[in-house]
Amino acid sequence: MDAVQQQTNSTSNIDSAKCQKLKRFVIVGLLITIGILSWHFYEYFHSKPLPKTPDDVLTLSKNLYAEETEVSPYLYKVNLQGKTTSGAHDDRAPRNLFELHQDLLARDANSTTALLMRLFDNYELDVAVQEHPTPEHVQEQYDFLRAVMGTRVMKLTMRFLVHKDIVSVEYDDQLRLLQELWFTPYSRGRGIVGSSSFEHVFMAEIRDQKVLGLHNWLYFADQEQRGNVDYKGWLNHKEMGKHNQMVLSVRYTFHNINKPVNGFFVGISPELDMALYTACFLATAKEEPCHIQLGHASATIVSHEWKWNGMRLIGTVYPDSS
């Protein structure tokens, strides 16, 4: 009898253990299911649909600015200081124009801002020096573009370009459009392939001791930190309405070369910068000004094309708020 009782107890213990294991399995499965359903409910109720596709860039720019749900967390302060003129040679701004949250930039490695700034050391400054893009550089280009393509700002822009029959609805076609438009290397003279739309607009170039481009506030801030830019004062600025956001024209020196006037947007995201420049260049008639509205600030985006191997690329594009 004792042997039978022990066997019965052993069987009962095994069944109890199996039951407990099954319960844990069911509970874990239920928790995972609830988590997945909760995420889908969150997405459904909290992700708003994109606004109706506009017919003109002016309306598009208003919609794009509305998608900038928050100001750049990386921009701590804008020090405008003294007003100047393009013909002046004195320094009316002893402090840097921008102060950044460097620690936050270091932590947010996958943000469009961090991915943009990762590209800043991939290029030769002098357009007379041949560019030699490495596989790593090309990968960093695609990492940045894919991140930009994932934003609501660029999704809305691409839908506008599809509406204008400029690009297809296919993701790969849209990615290719941005890659070719912004990152195709071309020559600005002497047959030396030492430039690109991206390098000119989002960074800066030097040709025959003249500063070209530099129409992105993040590159300006980066070069200030490195001691390559010396801000001399502002010529004109229009506030957009959100903290630290404006259309700004400035005077400065870059590598000790004077730049009497230069314009860029301040405090906006890389995707909004790229979206505005892309839409204006592709959807506006050749050499025609492109009128935009970002909050309280109205401006005109000026663009000039560069023909290269049968392609229509960006020679320059920048905002003018005067």
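Quick reminder: no glycine exception, Cβ is built from N, Cα and C everywhere.
Database features, via Swiss-Prot:
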ACT_SITE  His200  active site
ACT_SITE  His215  active site
ACT_SITE  Lys259  active site
DOMAIN    53-322  domain 'EndoU'
TRANSMEM  25-45  transmembrane segment
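This view paints the features noted in Swiss-Prot onto the structure.
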| residue | record | Cβ contacts under 8 Å, 6 or more apart |
| --- | --- | --- |
| His200 | active site | Leu212, Gly213, Ile314, Gly315, Thr316 |
| His215 | active site | Val201, Phe202, Asn262, Gly263, Phe264, Thr316, Val317, Tyr318, Pro319 |
| Lys259 | active site | Val211, Leu214, Arg251, Tyr252, Thr253 |
